[in-house]
Each structure stands twice: as C-alpha cells, then as structure tokens.
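Below is a structure I'd like to ask you about.
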Amino acid sequence: MFTKLMTAIFGSSNDRTLRRLNKRVAQINRLEAEFEKLTDEQLQAKTAEFKQRLAEGATLDSLLHEAFATVREASKRVLGMRHFDVQLIGGMVLTERNIAEMRTGEGKTLTATLPCYLNALTGKGVHVVTVNDYLARRDAETNRPLFEFLGMTVAVNIPGLPSDVKRQAYLADITYATNSELGFDYLRDNLAHSKEERFQRPLHYALVDEVDSILIDEARTPLIISGPAEDATQIYQAIDKVIPHLIAQDKEDTEEYTGDGDFTLDLKSKQAHLTERGQVKVENILTKMGLMHEGESLYHPARISLLHHVYAALRAHKLFEVNVDYIVKDGEIVIIDEHTGRTMAGRRWSDGLHQAIEAKEGVNIQGENQTVASITYQNYFRLYEKLAGMTGTADTEAFEFQQIYGLDTVVIPTNRPMIRDDKTDLMFKSEPEKFQAVIKDIQDCIARKQPVLVGTISIEKSEALSEALKQAGIPHKVLNAKFHAQEAEIVADAGYPGAVTIATNMAGRGTDIVLGGNWKAEIAKLENPTQEQIDEIKAKWQERHDIVMQAGGLHIIGTERHESRRIDNQLRGRSGRQGDPGSSRFYLSLDDALMRIYLNEGKLNMMRKAFTEEGEAMESKLLTKVIASAQAKVEAYNFDGRKQLLQYDDVANEQRKAIYEQRNYLLETDDISAMINTVREDVFNAVIDQYIPPQSIEEMWDVPALENRLKQEFGMELPIVKWLEAEDDLHEETLRERIINIAKEQYQAKEAMVGAEVMRSFEKGVMLQNLDELWKEHLSAMDYLRKGIHLRGYAQKDPKQEYKKESFAMFTDMLDHLKSNVISVLSRIQVRSQEEVEQAERERQAHAEQESSHYHAEGEGQDFSDLHIGRNEPCPCGSGKKYKHCHGSKAKYS
C-alpha cells in the first residue's frame, strides 16, 4: 500500500529514468538543425573529431549528444530513416549498461546503431549479439552502409568462417555475431597453442539482442568444447534393453510408504530415480548379462558408471519424446530448443543422455566426449567490461537481470499507442474440444480475410493441429524446427490477407510480420528489378495492407500457455506493431502440460466438474489467477535453478579465470625461465620435505627412498648416502641446497647444448601441454564432484560449502601436479643436439594440433555451402558483397 502511494506521488523508478532521459533527448533534438546543414564530408569528419577528443580526455557521456545527433543525421541520408525520440531514449538506456524493453516493431535494429557507434569510438570493438546466423547477417547488412559512411568497419562472425576471416571480423569496429560463436571462440582462444592463433581482443562492449532468450532461457546451457573419450557403445545398447523391464511408481518410497514400482520420475527437473526394489531388479538383470558380478551393488565405486548409464537410459525412454525434445533426421538425433522450437544442429546432450537416446531410437551411437573447455553464458557475458541488452519482453524478468548481471530494466514507451486487443483466455475440458474452438476462430478470421498466427509449444502439437486443419480443409503453413530453412519466407508471407501460419513457440522471432506481406522480400527475389516492377509490387502490397487493416490486423492464437509469462508475451507481441491494429487470445485445456505438472489433482478434478457440456468454454478472472499462479511457480523454480547453477559455476569460474590468465601469460611471454627456476625450487623442496622433514634429526630421514625418488622422477643419480657418510658437517639445509644446485647445473648443461632460444620454446611447450592436459582432467573431476555433492545434504552439510572446499583442494592439488610434471619432464629429457629438441617440439605441436582437430563445440555451425544462402543475399564473411560475387562463386567452382 505504502509503495503504491509513493509511486502515485513520485512516479515509478522507470518514470523517473524516462523523465531524466527526455531532457537529454531535447538537447539532441536542438542539435538537429545544425547537423542538417553539414555537408557529407563534414558529417563524416565527426568520427575523427570524437576520437581525438576521447584521446584528449573526454568521456563517452560528454560526447553522447553530438554522437547521437551524428548517427541520426547520417541515418536520414544513408538509410532514409530518422531515429524517433523513443529510439534515442533506447540508445541512452543501452549506453548506460541497462536493458531496454522495446515492443516488437519499434525498431530495435536501428536503435542499436546509436550505442554501437558511440562505444566503437574507443577503438576497443563492439559486439552485437544475436540468437542466430540469419539475424546476425541481416542486421549487419542493414546497418553496414550507415556505419561505413561514418568511417566504421563492420563484420559478421558466424559458425563456419575460415580462421583468417574470423580474426579479421574481431578486428572490426562493430562485429555482429551469434551468442554461441562468441562463447566458443573465447574457449578456442584458451586452447590456442600460440598467440597468433587467437581470435578475440579483450572483451569491451556487448549489446545483446533478444537478451532474455540468451541470458535467461539459455543461461543453464553450458558452452562445451569436448574431445573424444573411450567408446561405450555396447554398454548403451545393453542398458537400453533393461528399461522395458522396469515399472514406473507414482512417488518416492518413504518410511510410511513403499511402492511396488522400480523408478520414479521428476517431470519438473526431468530426472529419474531408481527405487530400492528397482535397484535390486536392475542389478539382477545386469548380473545375468555379465556386466556385474554376483552380489555386487550399483553403488560400488567400480560400478558407478553403470548406474550413470541406467539413469541416462531411463531419462531417454521416460522423459524425452521424439518430435517434442528432439527429431530423428538422417539417422541422427537433433535436439529441439525448448524455448524457440528451433533445431540445434551439432549440439549434443551431455552425461550420456544423447547416446542413450540414440540407442533408444536405434540409430548409430556416436562416441562420448570428454570436456576440454566449458563456460556458461552467465559467466561469459559477465567478462565484458560493459554489457547491455534489448528485447520486447524483459520486465517480467527484471529481478533476475538485476540479481545476476547487475542490469536494470527500463521499459521504453512505444512511438505510437498500442491498440492490440488482448482477449481473456478460454479454458476447455479436453484438447480435442480446444482444437475445435481454435479451428472455429481461424475460420472466422479467414472469412473476414484476417491473417492468423497460431502458436504451439512443440513440433508434436504443431503437427497435430496441422492435421486437424487439413481435415477441416483450411490451407496453412507450418513454421517449426523441421522447416527451419524456409523460416524467413514463411514469416514474410504470414501477414497476407487470410493467411494461416502455425509456429512453434517463437520460431521466426526477430523478423517482423508485415501486414499485407513483406514487399521488400518480394523485390529481393527479383534479379535486377525495374522501377516499374517495384512500383507494381508496392501498389499490390498497399491493397493487401488495407484489407488486413480493415479486418483487424494480425490475430494471434495461443494453443497453450507456456511455462513463462514472458514467452506468452513474445507471442502476443508479434501483433500490434507500431500502432497497427491486432488481437490475441489463448485457448487452454485441462490436458495442457502446465496444468498437469503444476496443479495438484484436487484442483484439476474441481475444475473438471465445473464443465457440464461438451465443447463448453470457461472464462473467468479466477481462471487467469490459477494460470498466473502456476506460471509464477515455474518461473520461481527456473530462477532458483539458474541461481544455483551460477553459484556452483562461480567456483569453477574463478579457477577458469586463473588458468586462462596463466595460459595467456605463457602465450604472450617468450622467456619463462625465471618461472621455471622458481617452480624447480618449489618442487625439489616439496620432494625433499617428504623424506627429510624440516628441522629434523638424521635418524628421521629416509635417504635411500629420496635417492630412488630423485632417480625415478627427475633422472638424477645422487650418492646422498655416501655424502652423509663422508661429510659430518652436511646438515639438512646444506644438503637441500646441494641437491637443488646440482639440478640447476644439469639443466644449464642441457641448455648449453641446444641453445637458450630452443630451450625457452621447449619450456613453454611443456608447460602449456601439461597445463591443458591437467585442466581437462580437472574439469572431468569437477563434473563428477558436482553431480554427487547434493548427497552431502543427508549428512547435514551444506553442499555448496562442501563443493567450494573440495574443489579448492582439487585445484591446489592440480597445480602441485602441474609443477611436478613440468620439472620432471624438463629434468629427464635427454638432449644430444639442437635438432633433437626442435624435432621434439615439432612433434608436440603436431600432437596438440591433432588433438584440437577432434575437439567438438556444441552448436558449432557448418561451412557456407550448407547455410542455404540466397545468391543475392550478403555474403556471411562480412565483405559486404553479394554471396554470388564472393564465397558463393568459390563454392560454385570448388
């Protein structure tokens, strides 16, 4: 009550921010007349002037008004578009490291030019982050003429680019890239064997488009680069045969309740658990198969991997459905993104789940991979010096953006009032009844020539609805993961009078649905259109546009509520752009997943009884509250999951940063001999301490064991026993000093044989190779620790604190191993000539390159030839030429 009163008097935080920024908009507007008088050359010279002023100590904020006025004027001349005042506000919000919520159709692409230009003046590079290759290419080509007019270089970074092209892309002032490619390039840079192989500069400013999709929906997806591990194909096939013998149980066993099933399912977290009865049954089956010995337990340390396979197979069979979570395409399992409905070619589930699904579907089982490098989007984007984002739907997740990324959300007002009619939800008893009502609504729209976009939550649902529409004789197009290649074309046609388009979730997001159809797309299909053809296309479009406007604009039908209100708002947001008319309605049933999973059986039964007739629809405020309550539960559950992930990943992140800093130092430094000398002393002191404890008497020493250790580990044959017999005054300190000095002298003798330069290169190579190998093993160990740490909760211990403590101990142990391994290799290496060392170094590099050639990045793309690029589309390499005149011509003749 008090908060509402204060807001009524002083306005909300958002209102106060907008009032402050409106004053700055007025200052930019006052410059417009002055900048209109400038010649093109004078306007272009502003870039050099701003850079000079920055070099002399000016701040970006002090240049903002003039820089924005420059971009606005250049846009009018080059693109024929003038930034609205609300777009100037959006640009300032993005400059101030915030998230701008701008409704669909309000011109986010043009708004982005303002902060991009301003931040690019520093010369440190700007990354504009998009969710897919198509949007990266499209936005870069849209804004390229404007940026190049102002003297800025523009490039595109997408999967499949040659290394030299990718390196050039990162050197551009403004680089458009996909979120996954940026993350993978960061990981690849930290697997590079020389500084010349790296791609990225220090991360300066990132502007994330569709920020909610990248920083929230994909936050729990780690970016992983992996290499091949041992083959376990036969085990996956054997375990797959076990699952049909197991029976599901409704709930977990407790002291009061013991079920008669073998496993339970947690639908929220998509996890499966064996009951005690199920464990015994599985052990008996595996023993008969010869995979276990009589009397052995699945929880025996030697059999834990089998338990891991059983759980993966259970999840594959009982929790992951074909055409919902994945599709089978060309004999491979292709994941479907649950948030966008798009396929994610190249991505694989971890923890053996992908192989278990391959076994279930009877396709070729590809080998498991070992993690070589990984990072989450949460931690990658927090590496940027400045981070900002924009989307049409962020306000519902404002708390999470602030908590995790420190980003405030500012809702930008629309340029024209929003007049879309959002109708109340209709609830039906069953799915068939709901589909009948949807078909009736679609038929009404077609009769008045109103285009309809129907949103579904999965491929399975979209195909079921498509089948129902076919039976009703309604022509329509389906936009889902199976038809990804035609996505832009289907979206372009979705605004035609009476057009019916079914879309999974937010497939096609980022592309506006233009009422009457996309006339620009029609013109783009023509090779060299004449002015007469262009005028004819525009005239026909205007006729169609008027028909659609009169019919009520684009009508949105949601066939199911999503887990998140934000995704529902995104679907609605496709209609009513820039003051256009539009309408939306959600059709629900008690069979919907949201209802079944998040409402208890009592509530569902009560709601079923409320329906008295078949086909009856329920419409009430109470219903809206029930749905909102279910969605709030899911959002809270998902937020908690992302927060938990971050808390655990933050531990690994500190270690990752330390290792990558050390690695970068090694790549940048030619001479690490001082480091090697320090490490040598540390290692020898640690070894000697084990056999000759500090400040101890001679009777406590184990000299023969020390002699043996020095020989085995460092190739040093030292007669320490004889020294002690011959020299009475040889005490602990002098003995320690002598051993370390001899080690140094032997090493210096080797260096004299091959030369200092070769030895420095060899030291660096050995250090890098050991660091990479041990870090890879450490990542696997951390994965295992993370998976089992929750069990500490049963011992009344805080799992997070235990994870921190144990992972730190593991990290310290890894560093000790690194030091010991490096000194051992450098001490034992036998060199007779410079040529031998150079040959050893060449072999080491060849081995490293061979290993890296097997690395696989989840979500990595393909070569240009597989990207389905139109001949007249811009080339994805970022050259600015048409594809047919650039890499397209090379592809044609290669």
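A Cβ is built for glycine as well, from the same backbone N, Cα and C atoms used for every other residue.
Below are the features listed in Swiss-Prot for this protein:
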- Q87, G105, E106, G107, K108, T109, D512: ATP binding site (BINDING)
- C875, C877, C886, H887: Zn(2+) binding site (BINDING)
- 836-870: region 'Disordered' (REGION)
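I'd like to know what surrounds each of these features in this structure.
Applying an 8 A CB threshold to same-chain residues 6+ apart, the list for E106 (ATP binding site) reads V86, Q87, G90, I412, T414, N415, R577, Q578.
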Using a Cβ cut-off under 8 Å and a sequence separation of 6 or more, which residues in the same chain sit near G107 (ATP binding site)?
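Expected: M81, H83, F84, Q87, N415.
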Which one, from the binding-site residues K108, D512, has the smallest tally of other C-beta atoms lying within 10 Å of its C-beta?
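Fewest other Cβ atoms within 10 Å, among the binding-site residues K108, D512, is found for D512.
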So how far apart do the ATP binders Q87, G105, E106, G107, K108, T109, D512 get, largest Cα to Cα in Å?
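This binding site's residues have a maximal Cα-Cα distance of 17 Å.
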Across all the protein chains here, work out how many other Cβ atoms are within 10 Å of the Cβ of G105 (ATP binding site).
21
With every protein chain in view, what's the tally of Cβ atoms within 10 Å of the Cβ of Q87 (ATP binding site), excluding that atom itself?
27
Would you list the other residues of this chain near ATP - those whose C-beta lies within 8 angstroms of the C-beta centroid of Q87, G105, E106, G107, K108, T109, D512 - in sequence order?
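Neighbours found: M102, T104, L110, T111.
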Report the same-chain neighbours of T109 (ATP binding site): residues 6+ apart in sequence with Cβ closer than 8 Å to its Cβ, ordered by sequence.
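Once residues fewer than 6 apart are set aside, T109 (ATP binding site) is near D139, T142, N143.
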